[in-house]
Amino acid sequence: FIPRHGAYDMRSSLHVSFLIAGMLSVGAGMSLLIKYQDMQCVENCNNPESHNHVTYEQPVWQTLIMFVGEALCLLPVLYTRYLLPGSVQLPFDEEVHDVKCGEEPFTGWTPLLFWIPAIFDIFGATLMNVGLLYTPVSISQMTRGALVSFVGIFSVVFLRRRLELYQWMSLCLVVVGVTIVGLSGKGLRTVKESSQGGTKTINVLIGIFFILCPQIFTAIQFIIEEKIMSQYDVEPMLAVGLEGTFGILTVLAAMAFLSIPSISSYSVYLDISRGWHQLIDNPVVLSSAVAIAVSVSVFDVCGVGITHRLSATVRTLTDSCRTLVIWILSLGLGWEVLVWPVSMLQVLGFGLLVYGTLLYNGLVVIPSLLQPRKSIVLDLDQLEG
């Protein structure tokens, strides 16, 4: 890392290394904690060999916990603005003013705009939590790589952005990679299925569907966030905190509606009262919920720091490496096993996902046939000659 003044700054280099290591470790731990929470027995746990025990299956509560983690990002913003004397910048916002910010002030009712992406985040996060119940955590994380395809397409449709040929090809590679990962998932057992002694391919396919479709909601969320932050001068940490706060309010309102007996009896995923008792009465589930909330907050802080000290592309690369770390840790914990040739399909699909993502962001050498054409600018004197 080379600071903007040109001299090598050991302190800045260590800071960036700390942020990248934090995003990798905390991000991987966050995904594994959610899966670990799903595996916990919360009812009929006296007989481990019985098939009647109930594991924690509360995606709505997990979504609320994730929004609590995002809302925690408001604490350093409020602390520096109102509790410290003078104007103090956040450590991760010190280079924000060097970046082109929105021209309009972020005051008045404008913070309520972040309620819109929060709603899309609710749908995306909840459906992905449902999908994680049926799929191995590595398959879930790899399938989320399809997000770059939806973001690219929606940026063209809604933001009128022009994609180069190599970017369209990279999106195709991502789609092929996700397809291969989905096919490999048919030969793997989920934790729930292994405990029941059977393998149900349909469960894994359902899980992949519930992870893939919500990427549309997440992509729309990202597009709206980019639109807001390009128009208004808003700190990224404040944006994350506001979105988390609005998400909490919306989920709590939805929980009041879902608590109606005729609705809560429709699915175990919607039984809010039952989920509350499962959360409070089980110390492991409760402690993991606190750890997930803290992990989400630290993960967002590290992501914002990487974006503003380096670039969003480095953040994308780090997140891709996080998927590999999750897979390795999942194998080490015994939650997944290498199965020939299914695991090789998983490696191939993951490789295409990563290469497509890096190619889309221009982090790898672009093939000569796909390189964008350079515009030719002629000097006026040359034209007259």
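Just so it is clear, glycine is given a Cβ too, placed from its N, Cα and C backbone atoms.
Residues 1, 3, 62, 129, 132, 137, 140-141, 288, 291-292, 295-296, 298-299, 302-303, 305-306, 309-310, 314-315, 318-319, 321-322, 325-326, 329-330, 333 of the same chain lie 6 or more positions beyond the ends of the transmembrane segment (12-34) yet place their CB under 8 Å from a CB of it. TrEMBL lists 12-34 (among others) with the feature transmembrane segment.
Marked as domain 'EamA' by TrEMBL: 105-181.
The transmembrane segment annotation in TrEMBL covers 112-135 (among others).
The transmembrane segment annotation in TrEMBL covers 142-159 (among others).
Residues or ranges marked as transmembrane segment by TrEMBL: 165-183 (among others).
Annotated transmembrane segment per TrEMBL: 204-224 (among others), in sequence order.
Among the features that TrEMBL reports, transmembrane segment is placed at 244-269 (among others).
Annotation comment: TrEMBL describes 324-342 (among others) as transmembrane segment.
Sequence-distant contacts of the transmembrane segment (348-370) (same chain, at least 6 residues past either end, Cβ-Cβ under 8 Å): 142, 145, 148, 152, 164-167, 169-174, 176-184, 312-313, 316-317, 320, 323-324, 327. If you look up TrEMBL, you'll see 348-370 (among others) marked as transmembrane segment.
Contact between the transmembrane segment (112-135) and the transmembrane segment (165-183) is not supported, since fewer than 3 Cβ pairs fall under 8 Å when only residues 6 or more apart in sequence are counted.
Computed over the domain 'EamA' (105-181), the whole-number mean pLDDT of the model equals 88. Broken down by DSSP into helix, strand and coil, the domain 'EamA' (105-181) contains 62 helix, 1 strand, 14 coil.
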